[in-house]
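What follows is a set of notes on a single structure, which appears directly below.
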Amino acid sequence: MGVEQILKRKTGVIVGEDVHNLFTYAKEHKFAIPAINVTSSSTAVAALEAARDSKSPIILQTSNGGAAYFAGKGISNEGQNASIKGAIAAAHYIRSIAPAYGIPVVLHSDHCAKKLLPWFDGMLEADEAYFKEHGEPLFSSHMLDLSEETDEENISTCVKYFKRMAAMDQWLEMEIGITGGEEDGVNNENADKEDLYTKPEQVYNVYKALHPISPNFSIAAAFGNCHGLYAGDIALRPEILAEHQKYTREQVGCKEEKPLFLVFHGGSGSTVQEFHTGIDNGVVKVNLDTDCQYAYLTGIRDYVLNKKDYIMSPVGNPEGPEKPNKKFFDPRVWVREGEKTMGAKITKSLETFRTTNTL
């Protein structure tokens, strides 16, 4: 049996019970689904193509800045206008094209800090309008990252929004503890090292507050991870996720070995064993952004370097002064090279996360 057998909707954007069943199946079968940050139709189809060819589910997500870029850099982001419109545009685009790839897709929004809550509000309003018309939210899930705030404010704000989301059977991802580095709206580059490791009690406090509302939530607990790539050693300790599972299991008194759905942030540069340790301890989603950005660049960079004598002018190249160069500078040609290398990176990650051939 594979993923398709446990889903009501086999292809395209999945929501509600299907999202919960997908993550449950992933946890039980010890694989994680990569979440790819998309900033354009090009990056979206690169991810969809890689997942299709690997017979895998995929998560596509927009960050606050990525959503604004999707809308167009010429649009003002005052009041989160561009980020709201861009996220909604990306969602509708992905909903329209994803079924053509024949795989299940989770449509997600990435880190939303306190100062970005107007963006979250705008997306939720779009969800509720879509729900009123179609009986399901526009997005499968959203993430609140209030890790800069006190745990009390973090959790209480998540509770407030989660009640609203639960009415649409929507998934919530939240972050407790600090992931190092910098991500849209949250900068923890100078965080104290001890703060980079979430404690079991913190995780249980989240579970205790959210589970009575709905079981549809996941927790990004910090274990020394950092967003982006940084020189020097990063002391990742994904094994501590087992302590979170054990503590919550004992507090709840449940028989389920891993009651928590966990998320791996800041995975750039992590080893295969570190990923596997996290996945074995309940990680069902791994964020991929920095590595994919660089992979996308490499295809375009190498194309430009290899074809430089064919793209210096519209006409004239080493084959002759009158030879046209349109087939070399056509964006459909060189952008495609970025899609190929980004797709190759995602394909490799799907293998690392044990997601390949899970459909």
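Cβ atoms here come from the backbone N, Cα and C positions, even for glycine.
When you go through Ser41, Ser63, Ser141 in Swiss-Prot, the residue listed as phosphoserine is Ser63. Residue annotated by Swiss-Prot as phosphothreonine (from the set Thr179, Thr198, Thr277, Thr341): Thr179. Scan Swiss-Prot for phosphoserine across Ser83, Ser140, Ser349 and the hit is Ser83. Thr290 (dihydroxyacetone phosphate binding site) sits 11 Å from His265 (Zn(2+) 1 binding site), taking the C-alpha atoms as the reference points. Secondary structure at Asp289 (dihydroxyacetone phosphate binding site), taken from DSSP and collapsed to helix, strand or coil, is coil. Only Ser63, Asp145, Asn287, of the recorded positions Ser63, Lys85, Asp145, Ser147, His265, Asn287, have a C-alpha within 10 angstroms of the C-alpha of Asp110 (active site, proton donor). For the recorded site, Gly267 (dihydroxyacetone phosphate binding site), the DSSP three-state label reads coil.
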